[in-house]
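Residues or ranges marked as region 'Disordered' by TrEMBL: 41-75. According to TrEMBL, the compositional bias 'Basic and acidic residues' annotation covers 52-63. According to TrEMBL, the feature compositional bias 'Acidic residues' maps to 64-75. According to TrEMBL, the domain 'F-box' annotation covers 75-121.
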Amino acid sequence: MARSSMLRAVDSINGEKKMKLNMKDNNTIFIRMTMTTTTTMTLEKQHQRRGLWREETERGSKQEEEDEDEDDDDDLMVSKLGEDIVMKIMEKLDARSLARSLLVSRSWFSLASSDSLWSPLKTAENMTWGLECKQLWIGKAHIPRWSKVPGLSKLACFSRAVIDSKRTRIMRDDLWDHSWEFHFTEAAPDYWKNLDPYWGGVGPPMHRYFHPDGSQTADPEDKVWGGHECAYTIVTGYADGKVRRNYVRINRWPHLNVSRRDDWGWEMSNVIFAYSSVPDADKEGGTGPLF
């Protein structure tokens, strides 16, 4: 009886050992299968990425080849017609179409950017802007000073002017160089608005003038001005090396927020009054800072 009990106990122990060994083997197999599956998935992803990279590379190369072929076709047309003929055609284009032709190809850019198309034309009376420049400059309130640097092509001058028109940070030169129309806003007291031609519709608009010494003046007949001393300052705030705030303050009045018009002019306003730069595109030498 004792012997059989001992044998059963031994068999039970051996059975537990076999089960543990089987579980261990199963875990090992499971781990190996998991690692194999993960490795396979990783390799598949790598192959997919490489395949996508190859496709993108091939697509990019193909696009570059197509662009080069298009450039070659456009250049071939110039060589067949001759530069003189192409220039004659370009002379008939309006300014915007001529500007777009700069993007066609290298040879077209070389021809379309020629100063013979953009430079002033001599007439019997005086020097006037060429047709293309006239069309591009027309309706602009201000022509920036830095676009009139000697030696630049006329197209480069206009390109610089376009860049400057996006500038919203006003400088002291911008204040000095322009005359400014002034009027009260709707929120201003009625007493002031009754004196303002903007609201009364009688007489020319009021004007203000900024000076390099930091002072501001008005026209002698201005009924609102009153002859009191007036000073201004420009405040510019930076954060992380970038301009975060830029406004103009006059005496202790609320600060003036600054913006640009579509015609490249300037606007400054607060809740009480507003300023608008007077167009002066014909001002010799241009206006604003020289960067």
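Positions of Cβ are set from backbone N, Cα and C atoms, glycine also.
Averaged across the domain 'F-box' (75-121), pLDDT for the predicted model comes to 75. Residue counts for the domain 'F-box' (75-121) under DSSP (helix as H, G, I; strand as E, B; rest coil) come to 36 helix, 1 strand, 10 coil.
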